[in-house]
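The next block holds one structure in the form of structure tokens; read it before the comments.
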């Protein structure tokens with residue numbers, strides 16, 4: 001059912017874009033102002049670097065302060081996985097980032113927590129930021145926007161309070177394990193056969209590893225800065241084409257684009273992001289030609305451009321591993337000397353998802369010692 005919904009939404013977005021594409025033939029375009037392309041590019045890159053900074057801060061608090069360049073390179077490579085691989089790209093990205101951190105001496109629990117908490121932080125910030133952006137740009141009435149933002153903030157605060165209580169986490173972990181054992185597709189998984197008491201004790205130890213109030217505030221501000229830079233990239237791309245910025249349409253389009261990227265219905269929100277932006281701009285009476293130019297600049301930088309940079313980073317990480325030791329050094333250290341091939345990771349991840357349980361590589365990473 002999920003696959004049908006996913007492909008149905010993607011097909012609908014492609015049909016919408018194809019219909020608009022037919023009208024694009026012969027449509028007038030606007031002259032691009034090159035000066036605005038620089039802030040658009042800097043905003044796109046800065047938004048992803050802010051996401052990498054989340055990982056660096058979490059690693060530092062966990063006692064593994066890797067160099068910023070190393071963490072950023074891993075983040076860029078992970079983004080390339082999630083934004084381009086068609087099969088389980090997001091899960092594959094998670095697997096790759098955990099493995100890359102483990103290879104550099106980060107213990108498995110910390111590597112897993114870092115990747116999961118970074119994603120949870122960005123998702124939480126977007127839930128609050130979306131109604132704020134829609135309200136500020138005039139797409140939502142202020143009372144409704146404030147109510148939605150307050151509701152999202154209250155829900156997130158409740159979850160944060162609960163996950164800092166050892167008894168709550170232990171109970172949730174034991175309950176989830178009992179449920180998994182009653183699901184035929186999950187009961188044979190190695191993690192489902194573990195002792196519930198042991199799982200509960202491990203879960204109860206997690207609150208001590210989670211960020212405190214001050215660290216959490218820094219993480220939230222860093223994530224918010226990343227989204228702000230991404231929105232700046234969209235504004236600059238718009239300004240490069242249009243003499244005036246349609247703020248309300250831009251707010252709606254940006255929220256639709258970010259939601260499609262976060263949900264990962266298609267790699268990097270492909271088709272759905274463009275359809276959301278196109279619908280918002282065309283609804284604001286922006287001519288078709290300039291609207292396509294805006295979308296092309298913004299998505300060309302934030303999706304295609306960053307994915308290309310990420311694959312270069314992935315290749316650079318592999319060369320760095322080879323230069324540091326080679327196969328002999330790998331055998332002595334007990335760690336792989338080469339990075340796993342992208343499709344191999346994707347295949348293993350997709351197989352785990354198809355089983356109905358967590359991706360196999362993630363499951364393996366959680367059970368192996370760091």
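Backbone N, Cα and C define each Cβ position, glycine as well.
Note that the structure is a prediction, hence the values are computed from the model and not measured.
Looking up the ranges 276-296, 297-317, 318-338 in TrEMBL, the one annotated as transmembrane segment turns out to be 297-317. Across the candidate stretches 33-51, 110-134, 146-164, 297-317, the maximum count of CB pairs under 8 A to the transmembrane segment (218-242) is reached by 33-51.
When each of 33-51, 110-134, 297-317 is scored by its Cβ pairs under 8 Å to the transmembrane segment (146-164), the top-ranked stretch turns out to be 110-134. Nonlocal intrachain contacts for the transmembrane segment (110-134), taken as residues 6+ away from its ends with a CB within less than 8 angstroms of a stretch CB, comprise 51, 54-55, 58-59, 62-64, 94, 97-98, 101-102, 140, 144-146, 148-149, 152-153, 155-156, 206, 209-211, 219-220, 223-224, 226-227, 231, 251-252, 254-255, 258-259, 262, 362, 365-366, 370.
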